[in-house]
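Report on one structure; see the data block that follows.
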Amino acid sequence: MVDLSVRVGDLRLKNPVVLASGTCGYGRELAKFINLKMVGAITVKGLSMEPWQGNPPPRIHEVYAGILNSIGLENKGLESFLREDLPFFETIETPLFVNIWGKNVKEYVLLARNLDAVERVTAIELNLSCPNVEKGGVSFALQEKVFEELVGRVRHSFTRKIIVKLGPQIFDLEKAIQILEREGIDFVSATNSFPGLAVNVDEQRFVFSRKVAGFSGPAIKPLALKLVYDIVSVTRLPVIGMGGIVCWRDALEFLLIGARAIGLGTVNLIYPDAAQRILKGIEEYLDQKGISSLEAIIGKVR
Ligand SMILES: Cc1cc2nc3c(=O)[nH]c(=O)nc-3n(C[C@H](O)[C@H](O)[C@H](O)COP(=O)(O)O)c2cc1C
């Protein structure tokens, strides 16, 4: 029997598979396809204080090896989540990560404070790629001072685990990691989607109303691996690696370079049962190699 459990800091997950934010709804949507008790953790769709409509359609555009999405952070807001979805999570023991975003630092802090009172929430994950309305719509990850203030204030407002989710756009990776370590952030997750663009040639216009959309899926895997590799190189903070994972081999690439868990995103939209297939593949791989515990191979390729 292969032991698939992993230590992510002092959190033990029964296996490394984390469902990534925005691709498994609020859990119930995916429960029709997989047994959610079998995954290491679930990350719900990014929540804001108030319900948020997101962007007008089209919101998804398929390209050769990935998708562009312009969902625009649509969500039902904290209150509805707590009322309508949290009870479902009381019926399963799987660790629950709640991805959050706000339009300014105050909103992140308010969300963190509210969620601190909800015992069922294992960790909050800060999505920092959203536009900061107080700084002219530039992402929080692009402004060192705001990043520092945000992370520090959220840390003081939430007593359990905090994950900071990074993407390719960050003011300075090493400096950002130093801030996360100094402020006592628990884990880093990477990567968020990449900024991408698509043009409608027939109508000679941009595909999305906001022009730029988030690019994810298999095409970003090498880019995501490089980012995760770089993060692991400069910190001892546990990293949840994601970006373009489709099969168990992709997942193992992230674990071998030192990610302690892996996130499944776009693949959930293509194969909703991907988590189970990937876990089975990892288990068979370890079994064939005569390795009894997944921990033994984490970070073996550095
Ligand atoms: C449709 C869609 C919605 C997403 N929504 C969120 C979100 O609300 N918050 C967040 O931090 N990331 C969000 N993401 C990013 C994913 O969680 C993940 O980081 C990214 O897609 C890269 O992984 P992948 O290539 O496996 O999809 C979303 C991605 C997709 C495709």
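Placement of Cβ uses the backbone N, Cα and C atoms for every residue, glycine included.
Unlike curated records, TrEMBL annotations are generated automatically.
TrEMBL lists SER21, LYS45, GLY46, ASN99, ASN127, LYS165, GLY243, GLY244, GLY265, THR266 as FMN-binding residues, and of the candidates GLY196, GLY214, GLY217, GLY299 the one it assigns to that same site is GLY217.
Per-residue confidence over the domain 'Dihydroorotate dehydrogenase catalytic' (4-286) averages 96 (mean pLDDT, predicted model).
For SER193 (substrate binding site), the recorded positions whose C-alpha atoms fall inside a 10 Å radius of its own C-alpha are GLY217, out of SER21, GLY46, ASN127, CYS130, GLY217. Nearest by CA distance to SER21 (FMN binding site), out of the recorded positions LYS45, SER70, GLY72, CYS130, is LYS45. Separating the Cα atoms of GLY46 (FMN binding site) and CYS130 (active site, nucleophile) is a whole-number distance of 10 Å.
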